[in-house]
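Peer 1: I have a structure I would like to understand better, so I am pasting it below and will then ask my questions one at a time.
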Amino acid sequence: MNKLALYCRPGFEKELAAEISEKAAELGIFGFARVEENQGYVIFECYQTDDADRLAREIPFNQLIFARQMIVVSDLLTDLPVQDRISPIIQQYQAIAHQINLTYSTELLVETADTNEAKSLSAFCRKFTVPLRQALKKQGWLQGTRHHKQGLTLHILMLDSTQCYVGYSYNYNHSEHFMGIPRLKFPLDAPSRSTLKLEEAILTFLSREEEKKRLNEQMYAVDLGACPGGWTYQLVKRGLFVYAVDHGKMAASLHDTGRIEHCAEDGFKFQPPKRSKIDWLVCDMVEQPSRISQLILKWLVNGWCHETIFNLKLPMKKRYLEVKKCLQMIEESLEKQGFRYHIQAKHLYHDREEITVHIAVKSLD
């Protein structure tokens, strides 16, 4: 298997192709990306047979911005017999069983791309999963427990009922979610659907233990461009006191909590109140990404906060280039100022033409 399949939001295939090509080249691995617009995935074909497996192990998945999932895959299986789709799939796994330990594989996911056309296969995928799982277990595979981090997850990427890619991902270096998509329910008392963006960001960037330590009732936050309160809602729910900065009105339900102070000011001019030590800054303002990046830097460099989650709205063209430029500017500025920091960026499921960035400033040298 010399290919990687990487899932993404339809329309962002070119950005993902550029990103995976760059990350592979940094490891001295070369190949080419097969890209079809709006198909919801990219196939990166390596020139050397074992290189796809190496990429799946050595490129930290959490450093990929546009990828929802990363799996090593076979050549495309076509013309699967309607009466026996399982045997060709088993044969693909048998061909790699001497190299990859499939015994302690933990889970089987029969998936599609995140497109309307592909989703029409979802009922088929559910039905097909049961007999395929049984057949894999008969081979002595899928014997691991689900949370076995050193194990593998087996993936079947169905293009239609007769075509699929057969593959696997490493449990320590993949998305644990089906199709790479977290299933979040919209809270009925939240002021806007944007609340799901911050919830997904917190779940993506922080472990459960980190969330409890770093987002709690002893902390203060500032939400720039807060109206009507979708992001503020997530912070208040976790017990933080929030300075909600926006000329627009905040939802009455948030005022009723007693955990917010509405500051009717411009988010670019607002400065934190001296009486409070601000732990978190969040920002979902619609503005040029370079301007938002400069704003976030101002807060971090001035010591006004030590952790932040913010969105960068992307231009119509050269989106990956713009992302790289903004993140590089932030990193270089923090390093120049002597900061130690941790930065992550992700094109979340609930993001559209934007990415979400998390930065934690650890300390000053």
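Residue numbering: from 1, along the chain as shown.
Backbone N, Cα and C atoms are what each Cβ position is placed from, and that goes for glycine too.
So Swiss-Prot has the following annotated:
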- Lys313: active site, proton acceptor (ACT_SITE)
- Ser194, Cys227, Pro228, Gly229, Gly230, Asp246, Asp266, Asp284: S-adenosyl-L-methionine binding site (BINDING)
Peer 1: Hey, how far is Pro228 (S-adenosyl-L-methionine binding site) from the residue listed as 'active site, proton acceptor', Cα to Cα, in Å?
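Peer 2: Answer for this pair: 19 Å between alpha carbons.
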Peer 1: Work through the binding-site residues one by one (Asp246, Asp266, Asp284) and point out the residue whose CB has the fewest other CB atoms within 10 angstroms.
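Peer 2: Lowest Cβ count within 10 Å among the binding-site residues (Asp246, Asp266, Asp284) is Asp266.
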Peer 1: For a quick check of understanding: among the binding-site residues Pro228, Gly229, Gly230, which residue's Cβ has the most other Cβ atoms within 10 Å?
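Peer 2: Neighbour-count leader: Gly229.
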Peer 1: If one measures from the C-alpha of Asp246 (S-adenosyl-L-methionine binding site) to the C-alpha of Lys313 (active site, proton acceptor), what distance in angstrom results, rounded to a whole number?
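Peer 2: Lys313 (active site, proton acceptor) has its Cα 18 Å from the Cα of Asp246 (S-adenosyl-L-methionine binding site).
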Peer 1: Which residues, sitting 6 or more apart from Cys227 (S-adenosyl-L-methionine binding site) on the same chain, put a CB under 8 Å from its CB?
Peer 2: Ala244, Asp246, His247, Gly248, Lys249, Met250
Peer 1: Measuring Cα to Cα, how many Å separate Gly229 (S-adenosyl-L-methionine binding site) from Lys313 (active site, proton acceptor)?
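Peer 2: Lys313 (active site, proton acceptor) has its Cα 19 Å from the Cα of Gly229 (S-adenosyl-L-methionine binding site).
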Peer 1: Select the closest residue to the residue listed as 'active site, proton acceptor' from the following binding-site residues, measuring between CA atoms: Ser194, Gly230, Asp266, Asp284.
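Peer 2: Closest by Cα distance to the residue listed as 'active site, proton acceptor' among the binding-site residues Ser194, Gly230, Asp266, Asp284: Asp284.
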Peer 1: Which three-state DSSP class does Asp246 (S-adenosyl-L-methionine binding site) fall into?
Peer 2: coil
Peer 1: So how far apart do the S-adenosyl-L-methionine binders Ser194, Cys227, Pro228, Gly229, Gly230, Asp246, Asp266, Asp284 get, largest Cα to Cα in Å?
Peer 2: 20
